[in-house]
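Peer 1: Quick one: the structure is below, questions incoming.
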Amino acid sequence: MSVILAIESSCDDTSVAICNNGKITANVIANQTIHQNYGGVIPELASRVHQQNIVPAVQQALISAKVTKQDISAVAFTRGPGLLGSLLVGVSFAKSFALALNIPLISVNHMHAHILAHFIDDPKPNFPFICLTVSGGHTQIVLVKDYFDMEIVGETLDDAAGEAFDKTAKLLALPYPGGPLIDKHAQHGNPLAFKFAEPQIADLNFSFSGFKTSILYFIRKQEKENPNFIAENLDDICASVQYSIVQILQNKLKKAAKQYGINEIAIAGGVSANSGLRNGLQQTADELGWKVYIPAFQYCTDNAGMIAIAGYQKYLKQDFVGQDVSPMARMEF
Ligand code: KG4
Ligand code: ZN
């Protein structure tokens with residue numbers, strides 16, 4: 001029997017979840033809207049808002065999971081990678097909570113947790129599988145051999161896929177985070193209206209910085225001829241950009257699947273909430289005979305449910321850390 005309380009505070013969402021014997025019974029996410037005023041996450045503000053959100057989020061999670069503090073067997077927390085000031089709030093809280101209740105602490109790598117989110121609901125992938133993890137800070141193709149035996153076989157050399165969405169959104173004067181808004185507009189646009197060149201990277205790595213610059217030049221050129229170009233073509237621009245990013249991601253995924261002879265394919269991270277990627281992957285799966293695994297929306301973007309399930313797997317192995325643990329902005333995979 002185990003009840004794990006999990007804390008996620010790596011970026012701008014404060015999240016607390018409860019995992020009761022391997023089942024997620026609460027997943028509270030407190031979003032920070034303040035960053036919308038600045039076009040990106042301001043680390044100092046994020047850290048301060050985590051401090052305000054964390055205690056109410058813990059209380060809400062305990063209530064919705066119908067457990068008390070005394071029922072908790074261990075506290076899992078995101079150690080990294082992420083914003084140091086944000087991580088510090090979650091790590092400090094987890095340490096004090098564990099110390100006060102005299103229960104063990106479990107350290108979780110945020111990028112592992114995005115992948116392990118696939119073990120929350122059925123159907124669960126079979127090992128080995130390939131996971132494309134696409135978030136605001138990372139773009140990785142991971143060969144997942146076991147719960148904590150994972151190998152990065154491809155990753156971005158510059159910007160992450162989420163950044164490509166967010167930076168394009170900024171060019172289009174859409175507020176932060178722009179990914180979900182591009183997705184929304186794309187649903188009313190023509191994905192083939194405009195064409196953007198696919199970066200030519202030979203192996204399983206990605207590059208999005210040149211892609212982003214090509215969009216910038218394209219928009220500047222169009223605006224010289226028609227100052228209202230963006231307003232008049234917003235849906236088509238969003239649909240075309242989204243289509244191109246999804247093509248780039250899917251082509252590498254196809255290459256990885258072929259190279260490793262694996263047809264169990266998963267996606268994870270914030271960008272896996274993208275409708276173009278979800279639909280595209282389903283289509284590719286039908287064509288190539290893949291079994292695809294796409295997390296429920298609440299487990300795509302940052303959430304403590306994924307930290308709780310990763311924590312549960314570590315709890316089963318009694319893999320605990322001491323009170324001397326500290327957050328890591330960069331953390332080895
Ligand atoms: O995993 P996540 O919540 O945080 C990080 O660990 O980075 O990912 C956030 C990223 C942001 O770049 C956001 O714009 C993107 O995921 N995102 C989306 C969608 N929902 C979130 N991008 C495209 N379409 C979406 N529907
Ligand atoms: Zn994340």
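Every residue gets a Cβ built from N, Cα and C, even glycine.
Where the annotation comes from TrEMBL, it is an automatic prediction and has not been curated.
Note that the structure is a prediction, hence the values are computed from the model and not measured.
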Peer 1: Taking TrEMBL at its word that Thr133, Val134, Ser135, Gly136, Gly137, Gly179, Asp183, Asn274 bind substrate, choose the one of Asp159, Asp166, Asp203 listed for that site.
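Peer 2: Answer, per TrEMBL (substrate site with Thr133, Val134, Ser135, Gly136, Gly137, Gly179, Asp183, Asn274), from Asp159, Asp166, Asp203: Asp166.
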Peer 1: Name the residue, out of Asp236, Asp286, Asp302, that TrEMBL lists for the same Fe cation site as His110, His114, please.
Peer 2: Asp302
Peer 1: For Ser135 (substrate binding site), write down the residues of its own chain that are at least 6 apart in sequence and whose Cβ falls under 8 Å from its Cβ; none is a fine answer.
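Peer 2: Long-range Cβ contacts: His114, Ala160, Ala161, Gly162, Gly269, Gly270, Val271, Asp302.
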Peer 1: For a quick check of understanding: among the binding-site residues His110, His114, which residue's Cβ has the most other Cβ atoms within 10 Å?
Peer 2: His114
Peer 1: What binding-site residues in Gly137, Gly179, Asn274 place CB under 6 Å from ligand 2?
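Peer 2: Result: none.
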Peer 1: For each of Gly137, Gly179, count the other CB atoms within 10 A of its CB; which of these binding-site residues has the top count?
Peer 2: Gly179
Peer 1: In whole Å, how far does the CA atom of His110 (Fe cation binding site) lie from that of Gly137 (substrate binding site)?
Peer 2: 11
Peer 1: Could you tell me the mean pLDDT over the domain 'Gcp-like' (23-308), as a whole number?
Peer 2: 96
